[in-house]
């Protein structure tokens with residue numbers, strides 16, 4: 001079966017993978033039924049909520065982890081300001097590649113790339129759940145994958161990944177899904193990889209403070225609006241790009257079953273970008289030590305409202321919508337109003353994530369800490 005984007009007339013986006021689209025039926029394809037559309041968009045909303053909710057919960061334990069293989073990647077204000085520019089260059093680069101080179105060969109390379117990434121992401125996602133199914137007497141051995149550069153005092157770690165036998169079992173199971181996706185490009189396999197990418201993104205990408213989150217979301221708000229409404233670049237790339245960078249669900253599932261091919265889609269950027277901000281607010285809630293998750297639940301409800309509004313507007317105007325146009329004001333505005341009402345705006349914007357500074361080879365702890373501060 002062909003990739004979802006090939007059957008769809010509207011954008012799911014790349015770079016950050018943003019945008020919401022519904023199938024634009026070909027002349028021979030009957031329009032989707034109201035029941036089919038309701039099932040498709042309801043499923044997309046549910047699938048979007050799962051990685052945000054569980055990814056945010058896992059981000060709390062991830063922030064406290066001492067295991068170098070599970071350490072989060074902290075996004076600073078400088079990173080946030082550059083991200084829309086990098087995403088735009090990537091999107092435009094892909095557009096030019098698809099215009100100049102054979103789409104078939106490009107997608108073959110991308111399929112292999114996302115095959116490997118998808119297996120690793122899915123394995124990391126299911127590992128905590130699978131641990132419950134292993135018997136107590138399971139022969140579990142510890143392993144470490146270590147790559148270094150240089151020698152002596154100048155030796156620097158490039159890769160330091162710790163895993164065990166249980167992780168290898170999860171990797172084998174994930175490989176089955178990977179082969180299924182590689183051979184069939186089935187929408188269920190696509191969604192399993194997409195959900196894994198989203199959950200890992202929300203769990204492992206940490207904003208260092210609320211101001212950085214506002215910079216990132218604000219920049220991608222402009223990025224999304226420009227590339228969806230200002231040009232046809234995002235739509236073109238989305239329809240050409242065969243990779244699990246979007247969640248899809250068939251609108252004709254009730255008529256055709258698992259072989260349905262008229263898809264509604266949601267870009268992963270519309271999950272991960274608001275998701276890492278929502279996860280930050282959960283960690284802020286915990287830092288207040290009030291045994292409430294007010295800001296987390298407020299932003300979570302705001303996300304549902306924003307995504308629902310996106311789908312509604314899309315059907316009113318019959319045009320693909322940049323979802324961040326609605327998600328960003330909702331996800332920032334709702335928690336900010338709550339903070340104003342509770343008199344906690346200062347606490348919200350002064351909250352700073354405490355992260356372990358990256359070691360600088362040959363530098364003292366004080367110099368390493370100082371270098372980390374300058375990064376912010």
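From the backbone N, Cα and C atoms, a Cβ is placed for every residue, glycine too.
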TrEMBL annotation (region 'Disordered') - matching range among 327-351, 352-376: 352-376
Annotated range (TrEMBL: transmembrane segment) out of 171-189, 323-341: 323-341
Range from 105-126, 204-229, 263-282, 323-341 with the greatest count of C-beta pairs under 8 A to the transmembrane segment (38-60): 263-282
